[in-house]
Amino acid sequence: MTTPHTLLRSLPSDLDPNRLPRHVAAIMDGNGRWASKRNLPRVMGHQAGVSALKELLRCCKDWGIGALTVYAFSTENWKRPQYEVEFLMALFEKVLNHELSEMVDEGVRIRFVGALAHLPGALQSAIEGAMAATEANTAVEFTVATNYGGRQEIVNACRELAEQVRSGRLLPEQIDEKLFAQHLYTRELSDPDLLIRTSGEQRLSNYLLWQMAYTEIYVADVLWPDFDRAAFHAALQSYQGRQRRFGKV
């Protein structure tokens, strides 16, 4: 049987391969609502969301999009019920251990950004192992923002630069946007060209606040576990229909 996924295995013909976003960021919103609509525990929505993420990552590789950054766990998410937080930490570790060999084979390089030192020790070890195992891969740069907060990232960068000024290693007038960006978690990444947020919500939720100064934003009226290649196709159609001015006329 032909499915929508097989129909969209290759880049759709109505998309210009030369005008694809180089770097896509995603806020994977709606897992809990997806589960509630089906009378399932919220954690089952997170489990279903993993499948949607795997498919998006495959799609980026198939369609020639070189970088994907996703918002997996924010600094504010610790306020969720303890059982849900514990489930998410265990889920991250399980997915890393289970999917690592496939990521290596598929050429995916995985990075984690955020306040990683505050994560459980076993998860930190899994993260370190996955990043080391995929460091040489070049097919897709897959970045997972975990225990990440955009404001805290900016504060941390300010503190680092302030300490350099205090110690005499840096003059205040030497600080510019380029130097500041080198002190962010994402210093090895280009800024996102396109942000996709699912579930219809229209806010940034403290995500990549510095990096998305000129990012195109697309809000998908679909819950994250239902975000598929057809939905991604629609996002890319919208992106290619825009003229990016970067402040110019």
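Just so it is clear, glycine is given a Cβ too, placed from its N, Cα and C backbone atoms.
Here Swiss-Prot flags ASP29, GLU216 as Mg(2+) binding site, drawing on sequence analysis. The feature active site is assigned by Swiss-Prot to ASP29, with sequence analysis given as support. Sequence annotations record features per position, and here Swiss-Prot assigns substrate binding site to 30-34, ARG42, HIS46, 74-76, TRP78, ARG80, ARG197, 203-205 based on sequence analysis. Under the heading active site, proton acceptor, Swiss-Prot lists ASN77, citing sequence analysis as support.
Among the binding-site residues GLY30, GLY32, the residue whose Cβ has the fewest other Cβ atoms within 10 Å is GLY32. Neighbour counts of Cβ atoms within 10 Å were compared across the binding-site residues ASP29, GLU216; the minimum falls on GLU216. The separation of GLY32 (substrate binding site) from GLU216 (Mg(2+) binding site), Cα to Cα, is 26 Å. Within 10 Å of the C-beta of THR75 (substrate binding site) there are 18 other C-beta atoms, taking all protein chains into account. On the backbone, the CA of TRP78 (substrate binding site) and the CA of ASP29 (Mg(2+) binding site) stand 16 Å apart. A C-beta separation below 8 Å, combined with a sequence spacing of at least six in one chain, links HIS46 (substrate binding site) to ASN31, GLY32, GLU84, PHE87, LEU88, LEU91. The secondary structure of ASP29 (Mg(2+) binding site), as reduced to three states from DSSP, is coil rather than helix or strand. One residue stands out among the binding-site residues TRP34, TRP78 for having the most other Cβ atoms within 10 Å of its Cβ: TRP34.
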